[in-house]
Amino acid sequence: MEQAWSFIEQLAADEEVIAAVRAALKIGIGFLVARLASHAVSRMFATQTTAHQEILARRVTFYLILGVFCASALSELGFDLGILLGAAGILTVALGFASQTSASNVISGLFLLGEKPFEVGDVIRVGTTTGEVLSVDLLSVKLRTFDNLFVRLPNETMIKSEIVNLQRFPIRRYDLQVGVAYKEDMRAVRDALSEVAEQHPLCLEEPAPMVLFQGYGESSLNFQFSVWASQENYMDVRNSIPAEVKEAFDARGIEIPFPHRTLVPASSGAPFSIQSAHDTADSA
Amino acid sequence: MESMPSDTLSPWWGPVDLDLNTAACWNVGPTTLWAYRTPQDWRILYSSTGDAMQHDSSVETPLGVDRWEEMEAQAQADTAFTLHRHTFRSTPTTLDIQPVSADRSIVVRPEHPLSIPPGEEVTLYLSLPLWIRVVAGTTALEEVPSHRPSDTWFGPSTQEGELCYATKTAGRLRLTNLPLRPHRSVTPLRIRNDAPDSLPLERIHVPAPYLALYAADGEDAPTHLWTQALTLTRDKGGVITEVRIRTGPPRDLEDAVRIQEPRREIKSGLVLNTFRAIEGLLGTA
């Protein structure tokens, strides 16, 4: 027991140990201060900025304060920061080779933050994944898809991929492809579609709705019906317009055809012989 | 309780006292609104015919519980009706029905192209749809448009601008020609064109949420509603330099009574900014 006590006394008298304890304390306090400050910054920014900017401000505050305290703790331990920074350069190269993917993700993350193709809360489409951005982190972007799945996309992938931001602009166009039978009057189709847009309160009057003739299809005259809606009403418009177009066509007797196929045997060019079920029953 | 169509209650707005388990019905243009009072909740039911040409207004009160139940059953079967219940510890007796301006700006397009030659000054009377606000005690329960106008976008591009409501105007220049409809308000807009070229008016952006409402009695007409007047001046350089919301009632109706405050307070420069977009759209910038 006495031995242990004398060992502790020796340690307490040792300046290096005292410095180490001080450094540890500094890091601990730094962590606490950084945490409190980042929360305060987050609260301060919450009402004035977007979620994206708030997260960015919180992270910068946290790492900056923690960094200052860590530097102070290192100098407490007797490290010369100048030399340390020099060594860090060499270390970075070594680490870079060792962890290429992570480093690439970090750098890509910085570019993503700088370029800001989307913000936290935006709905984006990357490849086949569509979802709401939950966070833009050091290594990856986290999405929540509409069927409530969590998707982690590495920053490097994000930089290389085509990203579609579905909510960047306040209004959006919905394009409905619709075909009508060849016998129909194209002007009547145009009028019917224009009336649908006019009577739908969520379709914007300006930019004006458009009816574009897309060409003579296999079994139908193809049209594109384009209407504009505000972001928040887009889904309503997308769901209601097809039903209303169908109703308008039915009311005017405009036919939406299904594909017609003519089958001809390749060998003889003669038509198929057809036997009805009635004939088959008679022969039996 | 017998239902009593009360034409004397015209105009349609104003407070109505209802006993427990009685209802009232307001027909305001294309919209019909019902309110029913129980000890614990106010039930508000409304629907719109969507027919903008329906201009009548009437108030029926009090209506018995049987009429209400009939309506409630109809509402459950028909998705065109919306029913909301607002619960209270004890329901206030009075329901105040108030007219309010639209909650977004309104873009008015003349039915036919309209231009103002150089040096001319005209006053256009614009008819704008009103919203119906239902207030119980001091709490606003609902806000229902008397006629839901179509949405539109007002701005220089699809990236910048403002979501507005769209309506059309016949561009009436004389007050006597103006049909006074109880579910719409009239906004006098005076435009002066000092520029050397004509000012084509393709669309006019009316900042409805910033306009107060005034009630005025016509000589032979029922009480109708006006908003504050707007003045727009285009200077010699072709730039719209001055846009003003007239304080007080419109010039034609000095004794009109202010019955509703604007939804939003005007910030300095805001009105000018909202109209600045017109310059771009009209090609006068």
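Note: Cβ is positioned from N, Cα and C throughout, glycine not excepted.
Remember, TrEMBL labels are computer predictions, not curated facts.
Feature annotation from TrEMBL assigns domain 'Mechanosensitive ion channel transmembrane helices 2/3' to A:60-100. Helix, strand and coil counts from DSSP across the domain 'Mechanosensitive ion channel transmembrane helices 2/3' (A:60-100) read 36 helix, 0 strand, 5 coil.
Residues annotated as domain 'Mechanosensitive ion channel MscS' in TrEMBL: A:102-168.
For the domain 'Mechanosensitive ion channel MscS C-terminal' (A:176-256), the DSSP-based tally of helix, strand and coil residues reads 36 helix, 22 strand, 23 coil. What TrEMBL records for A:176-256 is domain 'Mechanosensitive ion channel MscS C-terminal'.
The transmembrane segment feature in TrEMBL is assigned to A:17-36 (among others). Within the chain, the transmembrane segment (A:17-36) has long-range Cβ neighbours (under 8 A, six or more residues past its boundaries) at 11, 61-66, 68-70, 72-74, 76-78.
The transmembrane segment annotation in TrEMBL covers A:56-75 (among others). Below 8 angstroms of C-beta separation, residues 22-24, 26-27, 29-31, 33-35, 37-39, 41-42, 45, 49, 81, 84, 113 of the same chain, each at least six residues beyond the ends of the transmembrane segment (A:56-75), sit close to that stretch.
Per TrEMBL, transmembrane segment is recorded for A:81-98 (among others). Long-range contacts of the transmembrane segment (A:81-98) within its own chain (CB-CB distance under 8 A, at least 6 residues past either end) are made by residues 71, 74-75.
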Exercise. Using DSSP, what's the helix, strand and coil tally for the domain 'Mechanosensitive ion channel MscS' (A:102-168)?
Worked result: 20 helix, 26 strand, 21 coil
Exercise. Roughly where does the domain 'Mechanosensitive ion channel MscS C-terminal' (A:176-256) sit in mean pLDDT, to the nearest integer?
Worked result: 92
